[in-house]
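The active site, nucleophile annotation in TrEMBL covers C:Cys6. The domain 'Glutamine amidotransferase type-2' feature in TrEMBL is assigned to C:6-233. Per TrEMBL, the feature [4Fe-4S] cluster binding site maps to C:Cys248, C:Cys394, C:Cys445, C:Cys448. The annotation Mg(2+) binding site is assigned in TrEMBL to C:Ser295, C:Asp357, C:Asp358.
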4 protein chains.
Amino acid sequence: MLMEECGIFGTLLKNNNNAVPYVVEGLIALQHRGQESAGIAYVTEDELKVFKKMGMVMDVFHNGTMKKLNSHMVIGHVRYSTKGRSEIQNSQPFHVRFKNEHFAIAHNGQIENAEQLRKELEEQGTIFLTETDTELILHILIKKLNKKISEWTFEEIAKTIFENISPSYSLLLLFKDKIIALRDKYGYRPLYYYTDENGIYISSEDSGFYFLGPDKKNIQEIKPGEAYEFSLNGIKKFSVNSQEKRYCFFEHIYFARPDSNLFGKNVHMMREELGKMCAKENPVEADIVVPVLDSGLSAALGYSKESCIPIDLGLMRNRYVGRTFISPNQSDREIGVRRKLPPIEGVIKGKRIILVDDSIVRGTTMRKIVDMLKKAGAKEVHVRIASPKVVNICKWGVDIPEKDELIAANKSIEEMKKAFNADSLGYVSLEGIKKILKDEYNNYCFHCFMK
Amino acid sequence: MLMEECGIFGTLLKNNNNAVPYVVEGLIALQHRGQESAGIAYVTEDELKVFKKMGMVMDVFHNGTMKKLNSHMVIGHVRYSTKGRSEIQNSQPFHVRFKNEHFAIAHNGQIENAEQLRKELEEQGTIFLTETDTELILHILIKKLNKKISEWTFEEIAKTIFENISPSYSLLLLFKDKIIALRDKYGYRPLYYYTDENGIYISSEDSGFYFLGPDKKNIQEIKPGEAYEFSLNGIKKFSVNSQEKRYCFFEHIYFARPDSNLFGKNVHMMREELGKMCAKENPVEADIVVPVLDSGLSAALGYSKESCIPIDLGLMRNRYVGRTFISPNQSDREIGVRRKLPPIEGVIKGKRIILVDDSIVRGTTMRKIVDMLKKAGAKEVHVRIASPKVVNICKWGVDIPEKDELIAANKSIEEMKKAFNADSLGYVSLEGIKKILKDEYNNYCFHCFMK
Amino acid sequence: MLMEECGIFGTLLKNNNNAVPYVVEGLIALQHRGQESAGIAYVTEDELKVFKKMGMVMDVFHNGTMKKLNSHMVIGHVRYSTKGRSEIQNSQPFHVRFKNEHFAIAHNGQIENAEQLRKELEEQGTIFLTETDTELILHILIKKLNKKISEWTFEEIAKTIFENISPSYSLLLLFKDKIIALRDKYGYRPLYYYTDENGIYISSEDSGFYFLGPDKKNIQEIKPGEAYEFSLNGIKKFSVNSQEKRYCFFEHIYFARPDSNLFGKNVHMMREELGKMCAKENPVEADIVVPVLDSGLSAALGYSKESCIPIDLGLMRNRYVGRTFISPNQSDREIGVRRKLPPIEGVIKGKRIILVDDSIVRGTTMRKIVDMLKKAGAKEVHVRIASPKVVNICKWGVDIPEKDELIAANKSIEEMKKAFNADSLGYVSLEGIKKILKDEYNNYCFHCFMK
Amino acid sequence: MLMEECGIFGTLLKNNNNAVPYVVEGLIALQHRGQESAGIAYVTEDELKVFKKMGMVMDVFHNGTMKKLNSHMVIGHVRYSTKGRSEIQNSQPFHVRFKNEHFAIAHNGQIENAEQLRKELEEQGTIFLTETDTELILHILIKKLNKKISEWTFEEIAKTIFENISPSYSLLLLFKDKIIALRDKYGYRPLYYYTDENGIYISSEDSGFYFLGPDKKNIQEIKPGEAYEFSLNGIKKFSVNSQEKRYCFFEHIYFARPDSNLFGKNVHMMREELGKMCAKENPVEADIVVPVLDSGLSAALGYSKESCIPIDLGLMRNRYVGRTFISPNQSDREIGVRRKLPPIEGVIKGKRIILVDDSIVRGTTMRKIVDMLKKAGAKEVHVRIASPKVVNICKWGVDIPEKDELIAANKSIEEMKKAFNADSLGYVSLEGIKKILKDEYNNYCFHCFMK
């Protein structure tokens, strides 16, 4: 099954047909959630159309392209896929046709009961033209509602999805006359909407609205189990009971933008807290704290504050690096890391270093970074990870590999320390996270951290 | 419904994984059949993948791209669509997933019972992710065969299509271990295969094989009602009864390459015959025969031979012309035609001209050409069309507009003559075509020429 | 030295700043004269700027690009270069800076005394940043006029060029307040201007104006030895004595557009005359005349008319062919020719063919075409070339290779016939051309046809 | 005159023709020095060629392109230009032709006596095809050496440049058989070379070598007043007296990569020292230190260490932002800043903030950042700049605007504070820098900081 880390953004403008640039701006703000393909579905006077392409948002949408795409209701999607299935046919939004009517969908998440749903549908002869979970939602809607699309009511649509599709999903549906935004009852993935005098905007993260210079009071979370209908007639809401929450903690650790506020917490500040907790749980004498840029910076700031060991840039981050033009020889395994994270020797030399990163999955680059730091003269390198050990897969939309590829699922702390050539290694415990989140702890999903 | 003029090409190589470049060469040779998108489906060791993009074959496939696409079995498609539905999701081949197995399809044609099939399928809750007829074939196969794809036999597949899908279709199916090529029982669209010591090739037109320097004895027509299975185990054939043929005469008139041999006739020579017949049926005293390049050249040669009036280039054809950068003002309606078909005044001035074109559909440019010729000094312009009047739509794959847009369906010869500002106007009659085709006449479809 | 086949186009608009699209349209109309790079120089309120790029006009200029290029005076250039020196620094127009003033140049031609001028300039320490003759003109102007650019008068500029630069040159100079167009005293390369109510246009060929729907009375030849200044103040003319003309006959044979009228003759009609003369001088019994498309078509029409042997399309021309994706094996030398000029067997089989082409330079493809026709069943192939034997180099701007690569300079007719595997071979004699041109004969340059 | 911030990189390989990828990797490492155009000059068996294009290194050089560029000696250049003169003809390297011989140049710097040299040359009739200082060097070499290029000795070349060209220049010259690297006697711009068993590499910054995994002992500074000849015969050195050094301090403040070591100091550590000194000289009570990412991070770390006020991420940096698709309305002046540097409200709200940036030139964005922080709830914003006030232009290669655009040249600290809407404003004094640099102080150029 394809795991999908994605971002979605929608716009409904009340008074003009210029919604496409808003969605494009929103997708740019969500680009970190998916860099493989970008696309939109949009409503015109008598049609519903899709424009999508492999590539980054900026490359997919040119000013010239956009001038031709006039619409007042648009949904968009950025996608990141795994396992090489980066074919255009898997890129979203999808555009569906049924009895001469149309609708489109953009989805962030991964459906837990996908295999079972797929089997049931296949038993009834349904075929799949894409390899995404998202396609299932389309088939389920048609099968269950069993009438013309234009006769579907908002409540029916929302109910059908809530009742038949297992989380996770935050999604946008585009119809001729409305956008429906919907978040699963556990709330795995975030979803927000914002209203101003011109219209309504929906976004995976609240930072998606920042280009609007928003009045933050008007940013609303779409809560777990809630669905909204946005149309020129106004806003309708439908909700199902959502007692149990399962906010994805990985959104905080790695996936979201630091300036986003997810599940009631600012992402950067959460990472800083995690860094502090990591310092409390894994103290060590050292000279400097070195972040693995960019994602480790927030946690390193926290570690530094808590430990009172100064933070310093022992590793730079080179932004212009892409593919390599020179094949590294055997003896030079670190060329990739060195191009991307070149060490600053003057900072490192002779120092006892606390190296802070946000998480470790496979652990393959960590060894290269440690080796590089030691070559550059580091006396000791203490690896500190501002999250718990990743020991399990994710079935709800984070691209975590199979267990046998997860280093922490297969090695002890001592073994990992050796594998990284580190002088010590420390994670944050789930107990530590409980102390940070307090009562909120039970509202999160920590599945990938639990055997 | 979307009408589709397309080209398909497939290759199975016996001893290497380099089939992609062969299919790309084949698609280039068929580029005239569709210039909007190009794509391939290909088999790798454990997968079946698709690569497709909007654009011409040369732009979609780069040397760099192709180096990564290793496969010994590949099918490809070039597409031309009408009515603006040129979205990537309608481009072929399509890749289907059912019970963890895959196959792909590339289709040329238009299915007559598409609306009815679609309705039936929609009643059963089937949805459509594309707007093409082709998707129907996928659903029908799954519904009717009702088991795992790997258990489908060649005969079952072929039978299911022949029994359920109304023509027209010439198509290629790619499975993990075979290519199936299939042509509907009426044979509307052409299809050929060729074998050499390296492998097997399938093409919409026999000219698709010419880059191979083929031994022409080994080019075989896939006859109406025939299906072939090509695999590393050899060639299998299945056929259904095909008493009635309905070869599309428009392939000869306009659509195919002049060097192709379709339905037993060379295309250029057929056009020349039509030109001769046009001269016989519509003689007129004149000084020169002027072809509307490129497509009118063959017919003009025929007209000239029959009439003994010399052919001359009164109109050039400018190959570098694309979009216009300057908006023409009202008084200059001919700018588009003049850029593309600039007149050669020295040839035209003071002459009585027989202007020969292959066909007239809407008739909007003909007026502009005639006006332009008269401005350039032509004394008389006699329009001669080397085909019958187009008075009806096509439901089998030629992009002919609705009746109310067909000039010949709405005006008399006299009215059209006036509309074109021509001094006379002549077509070829169906009787004339009968004289050319003789016994073969009954094997063709002339639906668009009959009220 | 770099030989340059190029096209130039300039526009001065009286009432608006939208001249760039006009020059782009003009360059598209002249694209056949150079397909390697395209560029413009344009005047803005306080600057003179250049925009140029490798590639075809359509690819270099996008609507987006052009919107930013506002100017009322623009000159443009398309370039074809030989010998691999297709570097961007050799592409035109050139932009010159001298004492804080600017001007730009676009040149078609090749300067005969280039080596000597270059040596003289180099003795004085001048260096060259490009490898083009054109750069010489810039240096000469500065050296000879020896004052600020803004103090140069039109007459001085024209005189300096006429007196110091040996033909060939047709060129455009862009200054802050004027365009100067100038043609060498022998008139090797063509040059025209056109005036309408909006402004003034200058073009290498008169067909460059056709997109304007021009009133042909207002198309003026810039005659050999003439220079024009075009500015908002009107038109000035300066001329030098030009008793001897040397119009390049190769422009008629191959280089120009068939609908252009060069040196007082229509190009297509001239080619037709050459075809007729070829038939008169080289009669042979045969069944059909087959043109090598596109360039051989006009001559083949002439040959057919004169010989009363019907013309037919034995060879198609495939427009979509570019680079090959498959390496031909040794035994298949004709793959390149077969992709580009596929034979139509039905036309060829069993026939005695007169194969008509416009010219032969190296003769490498002719053998491949003849072989291909014979493989396709031609009984005899009689090669007829509608121009004299090319036996000498050109120093005035046509890209003819060194003598040792010119087949006609090294082989007799009999030897060439054998080399081509042809049954007979015939050219047009210079005497034949004299008969066509009559008194005009002495106004042409036939250097490449004379040992 | 055009100011140029650029990067240069050269490679000479001893045993193979694969030097182009090395130079491309080097240019990628120097991409921060110029992002407008990229190019190389390279030696082949019998030629010297140039390949250059507008755009980033990664976009200019594709794997396909590079395969065709075989050479063992290559020089490269990345360029950033100011004032809109981003035309291809100003991009480097330049390729010169003189008496049928060639050489090429890549230059970083700006020549102080350019205007005077240009005037002198123009008096002698020299014209300029580019608008760069670099072209002057070419003319001077030819004029002064006054013989064939192949007869120029290394010493003559170096001497001619040192004696005639006023700094600043760090440059590479490519000849048929050698690369010459040369740095002006004041050493304004950095230059390094590195040798390993495969060959020799030259780079503007030592971080340019890091992709090689270099043995840092073998990285050598090319000292002020030194020239090196690198050829297959080995290394030659020539030097002129260089008593006075004038290292550009702006390289440290802003221009160079943090991991580079320039003029004997690591760039990041120097910025950290500047941050510390800024804290010493401009203490203020506050809650957090907020860096303006990316360039302000090093200084902010220093400020935080010295002041013991914790650093925190009050502003994020969005890497995916390019052009804006939505026109901001009047009331929303900060949209550009907010897209690029979105504030993290939770960090900012209610806090007294010390905002640290590396430098202020025009001061236009600082006001927007401060306003944005205050809107986000900051109680106080104290602006701290980790460099002295920029009050003067630069004539040696840093793109500083005219004095009337330099805010610090026209306003007092108090006035600027008001203009920025800041609660206080502090710079680093030159005395402060003296304390950091100690004896080295006199080796630097601080021209732009001195009235």
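Just so you know, glycine gets a Cβ as well, placed from its N, Cα and C.
Looking at C:Cys248 ([4Fe-4S] cluster binding site) and C:Ser295 (Mg(2+) binding site), their Cα atoms lie 17 Å from each other.
Cα distances from C:Asp357 (Mg(2+) binding site) to the recorded positions C:Cys6, C:Cys394, C:Cys445, C:Cys448 are smallest for C:Cys448. Among the binding-site residues listed (C:Cys394, C:Cys445, C:Cys448), C:Cys394 has its Cα nearest to the Cα of C:Cys6 (active site, nucleophile). Looking only at the domain 'Glutamine amidotransferase type-2' (C:6-233), the predicted model's pLDDT averages out at 92. A straight line from the CA of C:Cys448 ([4Fe-4S] cluster binding site) to the CA of C:Asp358 (Mg(2+) binding site) spans 15 Å. A straight line from the CA of C:Cys445 ([4Fe-4S] cluster binding site) to the CA of C:Ser295 (Mg(2+) binding site) spans 21 Å. Taking Cβ-Cβ distances under 8 Å and a sequence gap of 6 or more within the same chain, the neighbours of C:Asp358 (Mg(2+) binding site) are C:Ile253, C:Tyr254, C:Arg271, C:Val292, C:Ser295, C:Gly296, C:Ser298, C:Ala299, C:Ile385, C:Ala386, C:Ser387. The Cβ of C:Cys448 ([4Fe-4S] cluster binding site) has 25 neighbouring Cβ atoms from other residues within 10 Å, across all protein chains displayed.
The least crowded of the recorded positions C:Cys6, C:Cys248, C:Cys394, C:Cys445, judged by other CB atoms within 10 A of its own CB, is C:Cys394. Each residue in C:Ile253, C:Tyr254, C:Pro291, C:Val292, C:Gly296, C:Ala299, C:Val356, C:Ser359, C:Ile385, C:Ala386 lies on the same chain as C:Ser295, C:Asp357, C:Asp358 and has a C-beta within 8 Å of the C-beta centroid of that Mg(2+) site, without being one of the site residues. DSSP assigns C:Cys448 ([4Fe-4S] cluster binding site) to a helix. The secondary structure of C:Asp358 (Mg(2+) binding site), as reduced to three states from DSSP, is coil rather than helix or strand. Fewest other C-beta atoms within 10 Å: among the binding-site residues C:Ser295, C:Asp357, that description fits C:Ser295. Taking the centroid of the Cβ atoms of C:Cys248, C:Cys394, C:Cys445, C:Cys448 as the [4Fe-4S] cluster site, the other same-chain residues with Cβ within 8 Å of it are C:Tyr188, C:Phe249, C:Phe250, C:Trp396, C:Gly397, C:Val398, C:Ile400, C:Phe446, C:His447. Taken residue by residue with DSSP, the residue listed as 'active site, nucleophile' is part of a strand.
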